[in-house]
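Have a look at the structure below, then the notes.
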Amino acid sequence: MRPPDDQINNNVGSNSHLEKLKEAMDHQLQKSSKIVGSFTNSQNSSVGSVHSPILESPTSLNRQHRNSFSFNNVSSPSLEDERLINFPRVNPNRLMTSKRPNELFKTSSMSSDCYSPQKSRESLNSLCHSPAPSVSSCGNALNNDNTSASHSLTDEQPFETDSSANLFKQLQEKRNRTIGNVYEMACLLVFKTGLMNFWKNIIDFFAQQFFSTQISVVEPRDLSDIYNTPWQLRCYYDGGSHYDPYSNPISVNDNLASSSYVTVVASDGSKGIIYKDPASLKHEGDLLIDSKVVQTVLERATLLVYTRKQQHIVKNTKVHDNDYFSSIPNVDDIRSIKNSWKVFHDEKLNELKKQVEISASAAQLNGLYPQKKRAFVSHFSQNRKPYSQSDISKAQSSSFSEEPSNIYDEYEQNLLSPWSRSPVASPSIQTDPNRNPFFQNCLQESSFATESSTEKSASESVSETAVNDDCKGMNFSGNRRQEDHLNDFTSFPTETAVSIVHVPLMFPCSDQTSSRGRAPIAILSFKSNLVPYPENLIASIERLIPFIFSSYSNSQSVPLLPCPTQRHLLFNTSSTDNTKELSMSASSENSDCPHKEGECVGSFCNINAKGSSLNNIPKLPRFVPVPSEFFKKNQRSWVTLKKHRLLARLKSRISKKNSKVNENLRFSLNDGENYSNETITLKKDEIVLDKSKSYACCTSESHKYVQGHCGGQAPPFPLLKVIIDSIPVHVFTADPGSGKLTWVNRKTLLYCGLNMNEQIELQFSRIHPDDLPNFLNDWKSSLFSGSGFYHEIRLQRFDNVYRYFICRAVPLRDCTGSVLHFFGTMTDVHDQKLAERELQKQSAIAANENSYRSLAEASPQIVFAANGKNGIIYANAQWLSYSGLSLESSLGLGFLSAVYHADRKKCLLPESLEGTFNNQDESNGTKTFAAEIRFRSTDGHYRWHLVKSVCVNNSADTSTNLWLGTCTDIHDHKMLEEKLQESNIEAQRIVRSKMQYLSNMSHEIRTPLIGITGMVSFLLETQMSAEQLSYARIIQQSAKSLLTVINDILDLSKVRAGMMKLTSQRFSVRAMMEDANETLGTLAFSKGIELNYTVDIDVPDIVFGDNMRMRQVALNVIGNAIKFTNVGEVFTRCSVEKIDYSTNTVVLKWECIDTGQGFNRDDQLQMFKPFSQVESSTLPRHGGSGLGLVISKELVELHNGSMSCQSRRGVGTRFMWTATFTMDKTPLKFEPPDGCCPVCFCPYEKSKQSTEDYYCADDGNDKSATNFVKLAVNKADPGRESNRRKLESDKNVQSNKYVNPFASESEFCRCGASADPYTVLFWRLYRNKPSGIKLDKSALAVVVSHTKYSSEAIGNMLQSIIDISSFKDIVRYGNTYEAFEELLENPMQSKVTHIILNLPDIEAYVLFVKSLQLCSLYKDTKFILVTSTRQKESLSKIFSDSEDCNSESIHYVLKLVKPSKFFPLFYSDSEEKGKIGALNDMTRKAAMEQKADAETLRYNLAKSGFSVLLAEDNIINIKVISRYLERIGVKFKVTMDGLQCVEEWKREKPNFYSLILMDLQMPVMDGYQACNEIRKYELENDYPKVPIVALSANALPHVVLSCKDSGFDSYLAKPITLQHLSLIISGILNYTNQSKLHK
């Protein structure tokens, strides 16, 4: 209904001002209609090919029906009208499931005006079919609207329910127009002002039209610097918080107003919030946008669409059928609708049911229901309860207090694939691979319908077109049919893909390329379940951006609360019907002046109310219009902005309260379609002109300043503070005395993200640490001198990013010149700094480009330059001449035509190949690229080239990195290399196969031989006949010989395979030589040849090296010499070839000389080849494998040495080899302990070592169950204990006190030194007396031998034991006849004290001794005869029976000759001969004391109840250790693994076991784990710590450290000795007794 036209005419005619105003409004409305028509014409492109009359130009539509185009359909801004009229509209399917069905048949009356859905449809039809109005018709329309506005529609107007067909038609028409168009959106955005209205409209638009489930608006804290200040959350909406507009209204108390946000209720009941004080981005629930995305939006300055894949942890719970029927319209709902209307026949009812089900399914697919808390939440639920205050609190806390819990990946979306247009789902994302997408039972038949069958109505919207046209086949949280969504409610995806859209709100501009120069004032972000997001929806949003920007900018000028004096919000219900309506009013701060009904409250005024005056009109904000340049065709503004400008002009003419108006004026402003009438009632005398009124919110002090500034007055302090805080420079003041900051402006605080107190406390700590020292020094100097300050620094931003600033400061002085304060500024010059660096870099590149180009052209190689973006950017003339390509065809990727097709992948830069060729140079950190590529030459052949390039500017953007490289022709070298590689591979295969075969053969043959030799040794201990004993010895000798050959083969295979590893241990060179010669002495003396050796005086006595391997070399070489020598002698000499004291190394040289038959030069070439021997017809066939010398040479080379030989046939052979060793810095000058070798101070072994024992050695990997094999293993791999011994020896050398826990009762050492009494005595005194034995200075010794090298060897040994300075001389004779004649015919005048004779037979000895004893000069001479055992027996009998000989002066030395054998003979003649008896007494006394200690220990152990727990899995070891424990009287218990040991220990009392002996390698639980369990149990139960000793055959240092870390108290290496066990047990017993005495 509209009021009569004459009513408005009378009112207007009474005032001339209003007539002018009406004319101006008519003029503006005429312009507006044209602008709207031009604007809506541009909307047709955004909806694709679908034609809808509502999207046509209003101008073209209105030409058909001019009289019907008016603004009488615009409703007032009441919440109820917005629910029914304003965009977005509620789906009628949702209205049908309301709790009160009778609401469908009535409409509520509003205080201002009302609206009926039927009239809305009529007005819509009239709009679509009415011509455009003229200027006069617009005026009439204005009058008619005013008349209509004055009419009160307070009665309920029910729908026409004459027939069910009409009702169904009405519902169908209402459903068709539930979605508006872009035109409606734009008009609604600019129609209402205020942030609450803005946010309500945004929620309505994006939640229902753009399928948004979550929306947020962020804005910068400082608009003057949006890049360097953090952004904050202003508005937020979560689709999970729903509000039912038909339920009871929300009752909010006053406490809600004191919160930090305001709740806004949208048309569909959804709630959004607006922060009064904008919050941090972390407050956002699902974090739609963060600081990194903000920076990306600022850089791109355009709308961005991302795809986010979220990982959800959702329990797969079965939804009950009742839940399903409660979430969608059930049969009862449909029956209630049928009973209410009573006119629907069965066919219509089924059709309605189908539409409702499809609507529910589509709503679920489109993401209208929230999926954050549960899978499906429906608006059709019938048992919904109204919200309470606690619900609001929970929703607020859950939405804004929790941290984002979902893990997601985010990337920018691509364009839609062609499958998105298909009527069926895309096969690329089918969940069921067996389903054929082209032959399905349920297709969307509507997609194939003709135009005659289905026609689109005139009210279809942009979003509806998008869903039908572009969203087919999209991922709506799973690509399934509608039946699947309705029937399967229990399938919850673990990964959900959503679309995130970021819309920057920027000042609109007609030129799209100028967006880089604009900055957004806010960023609107929303989330949608449409993946990918439709393009036409994006186009619609882009057209709405200017209106969203204008609305948001205008809303910033309006206070968030409706009234400036408002303290809190009240949600009241003011309605004249039964329908509840939410209205927001503001309560005044003054309780004495409450708002009356009809007064203007906030930005909403009830113009029809009585008593309205100018005082009730709020201050109108200034608006930011969209410039006319945005519209390219029509350069005009739109209606909405013109309306607000008119209101602003009108308000500027209203005086405060002075003038009176006699006549009420009523006017109406209408803008757009379907808008409410807004009427303002004024009094005539209150309309005056007041141009001094400003739109900005200024204080009275500001007005005073504006008025007084012209008179020269200074601006007030508040204005100065505002100015300082607004300038884009950091301002600070500092104390001139201390230099500390006293104040900073707001710009500084925003940049650093701190408050004033924090900034004052931190001072200059935000400066980069590298710049801070220089800054403080210059700052102190400036403070001291009172001069200006200038420094360039890097200042830390709120997000920990450093930016360059120029800091300037000047002193502020008073009239006397004293410095009161320092005033400083910091100017951001980061961009200038980066630009300066880039300019310098480009200048340097440009300066060197010509030089590089000249050098490249002069190079004979191919030179090129490339980058990742453009490919090849330069190639020199050499490439052009080689390939025949032109420069233009080679640039970019054109060079690939000359690259072999298989090598083209190699041309990718390193970053493209994920680091395949990306080699980082460690020296300078540059990236290099190298590849071998085949290029085609001009003759068509491909040649190999080595391509090398280097990255000269390694930047973060890899596409701009410059690579310079060269190509070198390596074709000939490549061909040769391939041939050599093929030959080498084949040779290695053959050698590897042979070595593998030999290794397998040796292992398979040697294993049974070990059993044969072991059993034969046991057999020899039994009673056998002479013939059986002979057979057994032959078997033993043959088995040992065969085992020697097999071991040699294995050693050779290990050396060739690189598996031979040397050990470093202390050993004596002299002792090693003695051992090797003594081992082979029996073989040499049985053949009647002499065997001797010498070690020079300057050879270090102790060196570090692999003793066993060097002994093996000596045995092989000396044994080979003995084998090929039948007459004469074999002599070995050791000397120093080179010594280096700086590195503490020495190179020793060995020479082995024999008097055999020798060999020629041809045989010398075959000497060091495997399985080769010297063959000659004159030589007999000798046994052997032919591997001894080969293995010896390999071992010598492992010691950094060499081996060679020289020979002359018929004369003899000389073998030479060298090896490098480390010298022992600290000589052993202390006496060795009992039971240890006096040479190397290592414990003795159990039995005397022989050559055969060594060759029984294994490779160190097998662990047999017998002591014999275990001993062989240790001998084969002596490195197991060498490192430990070396460490212990080093420690004892430093402390000069040695305690050897490994001392044993055996009589043999690894170093080869014998344990006979004379040897021990020699080495003991030799260590204490390294200078030698002192004799009479007139003494003279004579050596007579029948061979050349034997006399030299005996003389050398005498020199090693006698002090040369106290001895006159040693005379040597190598010829017995010459010596006999000279000694008898020409006797020596000096005193001859010793004559050493080494003669070939017994007769020579008898002749020499008897003849010399008859001479008076040799009366007191001592004769030393070097003989064999048989010769000694015969000579002893002859001299004892002879009366002419003095047998007491005759002494015997058995071969092999050693210094230790001569030592007792010379020592008894020295001045210290009395010490021998004392030494023997000390030895006997020590033995007696040791025996007494053993008895005492046995008695104490039996008395104390000492008990031992043994954990060992080897039966032989258990027997040995048990025997030891029984001998010393210790109680013990045996367990077979670690688990049994732990359980046995826990079973007894804490102190029951005094010691635990635990093996490291055991089944079930090893020693390490068992020890850890025991130590852990002791700590948990506060048990005393029990001693645990580890037992292992591996004594390497890392094993000892591992035992210590695991909790072991000590470590024992196998084999375990009785003495060692006694020492450990006695130490524990003594400690226990002392503890008891102490307590």
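Just so you know, glycine gets a Cβ as well, placed from its N, Cα and C.
Over in Swiss-Prot, the protein carries these features:
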type     : residues  : note
COMPBIAS : 38-49     : compositional bias 'Polar residues'
COMPBIAS : 67-76     : compositional bias 'Low complexity'
DOMAIN   : 716-786   : domain 'PAS 1'
DOMAIN   : 789-841   : domain 'PAC 1'
DOMAIN   : 848-920   : domain 'PAS 2'
DOMAIN   : 929-982   : domain 'PAC 2'
DOMAIN   : 1000-1223 : domain 'Histidine kinase'
DOMAIN   : 1507-1629 : domain 'Response regulatory'
MOD_RES  : His1003   : phosphohistidine
MOD_RES  : Asp1559   : 4-aspartylphosphate
REGION   : 38-76     : region 'Disordered'
Practice task
Check the domain 'PAS 2' (848-920) against each of 716-786, 789-841, 929-982, 1507-1629 and return whichever range has the most CB pairs under 8 Å.
Solution key: 929-982
Practice task
Tell me the Cβ neighbour count for Asp1559 (4-aspartylphosphate), meaning other Cβ atoms within 10 Å of its Cβ, over all protein chains shown.
Solution key: 25
Fill in the blank from the handout: Its residues classified by DSSP, the domain 'PAC 1' (789-841) shows 12 helix, 30 strand, 11 coil
Problem - DSSP-derived structure type at the residue listed as '4-aspartylphosphate', helix or strand or else coil - result: strand
Completion exercise
Over the domain 'PAC 1' (789-841) the mean pLDDT stands at 90
Completion exercise
Taking DSSP H, G, I as helix and E, B as strand, the domain 'PAS 2' (848-920) contains 38 helix, 15 strand, 20 coil
Exercise for the section: With DSSP as the yardstick, break the domain 'PAS 1' (716-786) down into helix, strand and coil residue counts. Expected result: 38 helix, 10 strand, 23 coil
Exercise for the section: Determine how many residues of the domain 'PAC 2' (929-982) DSSP places in helix, in strand and in coil. Expected result: 15 helix, 26 strand, 13 coil
